[in-house]
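Database features (TrEMBL):
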- 110-208: domain 'Cell wall hydrolase SleB' (DOMAIN)
- 52-72: region 'Disordered' (REGION)
- 21-41: transmembrane segment (TRANSMEM)
Amino acid sequence: MITKIKRFFKRQRRLAKRYPIAYTVRILIVAAIIAGLVAGISKLANIGRKDQAPQLTTEKPEPTTEEPTTQIETEAATEETTTRLIGSMDWDADESYMMAKMAMAEAESEDTECKALVILVILNRVWSDRFPDTIEGVITQRNAFAPYQNGRYDRVEPDADCWEALDLVMSGWDESQGALYFETTTDGETWHSTHLDRLFEHGALTFYKEK
């Protein structure tokens, strides 16, 4: 066997001396073939590893995200409910003026809290689905407020106490108990006392809600 190998290499040396160019080309071709085989084997090995990778990742399931989603939905629902109960305090300067003006028209001689209660009745109506959904709409609604109908609303201007009452409401003060109506307190029977639920008296006014 060793003798055959020696003869093979001697033959190759003779060929290299006689045909140097052809021999070199032959060597390059053989080297290219060997390199191609090595690259092919390496590529097949990589493909085999890629095919096995998903099996490793599917053995352990991904953590569930249902609980965080449920928590977010619960928080959103709670926030929406809270906002609906409190009501929006987002109004412009004209609407502030209208509420302060109505507090003056309805409760000029009353204390700051009574004026604030008048303002809260306006807002409670805005927040209710039984009345117009704007401050202007509530104040100007037909037969809603006597001073607006008889012209007193147009004749008065809010004083400092009216603006203080508005600031009190904007600070979050609310003892209206959801009142939607009020009237001057009397000893006799009125439409309000007959058709509505009486809540409380404050100063010269009695406040009501719907039955």
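Quick reminder: no glycine exception, Cβ is built from N, Cα and C everywhere.
The average pLDDT the prediction assigns to the domain 'Cell wall hydrolase SleB' (110-208) is 96. With helix defined as DSSP H, G or I and strand as E or B, the domain 'Cell wall hydrolase SleB' (110-208) counts 46 helix, 15 strand, 38 coil.
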